[in-house]
């Protein structure tokens, strides 16, 4: 009994490995550049070349004042984006995550848009860009 179970278990494991590896594409061994060029779907000559530039010591060192100026300018730029005026809200509108089937009015949130699924049977207002 134990021998037959061992044989059946071995056969089952073999069949599992055979089923798994039969679906994988065979690996190709490339021996030289010629076979690489002929087998590749993308032509390597069409890709843009990458240039490596060495940095000198002056470009690596940034003074503390310059770094603070850059940080403050980035903060000011982000504050200017936040302070942008919003469009006035229309009175009949659909709230975010509310149903907005096509005869319904527009979404209340200025950055929201009506997205439909399942052949326009389920529609809801969604905010796509949080930073809007």
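Backbone N, Cα and C atoms are what each Cβ position is placed from, and that goes for glycine too.
Remember, it's a predicted structure, so these values are computed and weren't measured experimentally.
Looking at the stretches 60-93, 94-127, the one that Swiss-Prot records under the feature region 'Disordered' is 60-93.
Shown for the compositional bias 'Basic and acidic residues' (64-79): DSSP residue counts in helix, strand and coil, namely 16 helix, 0 strand, 0 coil.
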